[in-house]
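Over in Swiss-Prot, the protein carries these features:
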BINDING   G67, R68, S69, G70, A71, G72, K73, S74  ATP binding site
DOMAIN    33-270  domain 'ABC transporter'
Amino acid sequence: MSQASALRAPTPQALPPMAREQALRPDVNEAHVRFIGLGKTYPGQAQPALQGIDLNIRHGEIFGIIGRSGAGKSSLLRTINRLEQPSQGRVLIDQVDIAPFNEDQLVALRRRIGMIFQHFNLMSAKTVWQNVELPLKVAGVAKAERQRKVRELLELVGLQEKHHVYPAQLSGGQKQRVGIARALVHTPEILLCDEATSALDPETTASILELLRDINQRLGLTIVLITHEMAVIRDICHRVVVLERGAVVEQGEVWRVFGSPRHEVTRTLLAPLQAKLPAALQASLQAHPASGNSAVVLKLTVLGEPELSALFNDLGGRVRLLQGGVETIGEHALGQLILSVQHSPHDTHQLLERARRWAEDVEVLGHVD
């Protein structure tokens, strides 16, 4: 049996009755996880941790949740496997409301939802093999089946040669790979990642992201992750939601949100990823034109690589490219251009309208002489 077939999602017969029909006809555009009017207030706290969350997470996508500290990211993530019980609203998994689940149903649900953590949560007195095998032993899985599953999972995460060692002998990245293998032992449909790369160096983070991407593609898992590292969202996620004080303030495809953030919170979170203006330009920027010879400085976010000569001709006047670059997010190339426009025949309003013909987003940075 191949790894992919051995680790594929549970058969419809293993799902709750209401979800079986959905599983027989999965649609990547249908909601795998759906939040409806979700709210959460902790005892003794006046400010809700979550409020009015309406959100869909699609089958097979990698979905990111970002926000400032205390925005409600972990609270939202933990409602998916009901480690947190909402105060209001509903959480639906494959169109099934999980709120009324009893203990047996919750056990079955949590076996369908794997979870990995920032600090690995491995048992130091057990080997790599034993750490991965433990949930299967607790579930009463036969020894032969346990051995087969653990062997396949350790091969999947690239640790088959480390099966006999203890966590203290592993690097941080290797420990997280053990955590990922353990999270997959019950062949889940959903994988929750709670700051899974925050304790890792950049090189190790990249390798873990590549592993998660491979698992997503090969096994068809829906992956939901929270992180404070915006580069992680950019590099791996298909869509993203931004939370602030427990509410959704922005959501969409990653390339659109990162290329043209609309909300102030989103712009603040993404600021470290933005190319910095040259120091000389930053120092010379003024809020208003100082004279008739002043040039307006524009930042344009464009899809693909525009024909600069045609863009400059459309803007009119004397146009200078002060800074530019292109990066790829997902399958989309996004360019960022910093231009100064002097003596344009168009007033500022007309100039911005013309710039928007070419750009996903246009921002006036200021004026320079």
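Glycine is no exception: its Cβ is also placed from the backbone N, Cα and C atoms.
Mapped onto this structure are the features recorded in Swiss-Prot.
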residue	record	Cβ within 10 Å
G67	ATP binding site	24
R68	ATP binding site	15
S69	ATP binding site	6
G70	ATP binding site	14
A71	ATP binding site	23
G72	ATP binding site	25
K73	ATP binding site	26
S74	ATP binding site	16
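Listed in chain order, the extra residues whose Cβ falls within 8 Å of the Cβ center of the ATP site residues G67, R68, S69, G70, A71, G72, K73, S74 are L243. The secondary structure of G67 (ATP binding site), as reduced to three states from DSSP, is extended strand. Confidence for the domain 'ABC transporter' (33-270), expressed as mean pLDDT, is 95.
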